[in-house]
Amino acid sequence: MAKIHFRTAQFLISAPSIRQCPTEEGTEVAFAGRSNAGKSSAINTLTGNGKLARTSKTPGRTQLINFFNFPAAPDQRIVDLPGYGYAKVPMAVKKKWQADLSEYLQQRDALRGLVIVMDIRHPLQDFDTMMINWAVEGEMPVHLLLTKADKLKPGAAKSTLLAVQKHMRDAQVDDLVSAQMFSALKKQGINQLEDVLNGWLLPQHDEPEAAQE
């Protein structure tokens, strides 16, 4: 089975809105999350490039949709969506982000899956749940990345993961929503995340005859 070499990721373009996004050839997966959840660190750990997704000491500052692709797979993309939900961001900006995120999720045909990044110590905040609901309503697969797992003892981290998975089962969305623990500091969970992303980005490679129809 073909696999993407995520460590070859390169910056493609920044877009201030969905209208400035690249053309929709190929497939893409998006990363979304609260501004202090560790989204940029997760992308940088996945790609082995500490400077690929910019981190800011002022959470919520980045308002661009950032696209990355791969030299050997230019039509497959990782998308870094603006962080959301930070208390110091003006309400007008929050509302614009909410509208932009909703528009992207609902109208972007190339999108194959959504990674929602959550601090394992504070999972399933209100806007996280809203993002899950948006995706599920559109039958979009979701992967919950519980970051900063190193901040909890192993038993507590595992209990949180199990609680999140149970919440998805109780909500009857576990067929679309998966979850895992992740630590950028300890490099934990990279292979599992890669498997999820490859499954989303390269499904057509598994069924070449169907893709030609």
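Cβ atoms are placed via backbone N, Cα and C, with glycine included.
Residues or ranges marked as domain 'EngB-type G' by Swiss-Prot on the basis of sequence analysis: 25-203. The annotation GTP binding site is assigned in Swiss-Prot to 33-40, 60-64, 80-83, 147-150, 179-184 on the grounds of sequence analysis. The annotation Mg(2+) binding site is assigned in Swiss-Prot to Ser40, Thr62.
Overlay of Swiss-Prot feature records on the structure.
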| residue | record | DSSP (3 states) |
| --- | --- | --- |
| Gly33 | GTP binding site | strand |
| Ser40 | Mg(2+) binding site | helix |
| Leu64 | GTP binding site | coil |
| Gly83 | GTP binding site | coil |
| Asp150 | GTP binding site | helix |
| Phe182 | GTP binding site | coil |
To see if you understand the setup: which same-chain residues, six or more apart in sequence, place their Cβ under 8 Å from that of Phe182 (GTP binding site)?
Ala42, Leu145, Leu146, Thr147, Ala149, Gln188, Gly189, Ile190, Leu193
List every residue in the same chain as Asp150 (GTP binding site), at least 6 positions away in sequence, whose Cβ is under 8 Å from its Cβ.
Ser183, Leu185, Lys186, Gln188
Whole-number answer please: how many Å between the C-alpha atoms of Gly33 (GTP binding site) and Ser40 (Mg(2+) binding site)?
10
Express the predicted model's confidence over the domain 'EngB-type G' (25-203) as a mean pLDDT, rounded to an integer.
90
Using the structure shown, find which entry in Ala37, Leu64 (the binding-site residues) has the sparsest Cβ neighbourhood within 10 Å.
Leu64
Quick one: among the binding-site residues Gly33, Gly83, which has the most Cβ atoms sitting within 10 Å of its own Cβ?
Gly33
Is it possible to get the count of other C-beta atoms within 10 angstroms of the C-beta of Ser40 (Mg(2+) binding site)?
24
Write down the Cα-Cα distance for Ser40 (Mg(2+) binding site) and Leu64 (GTP binding site), rounded and given in Å.
13
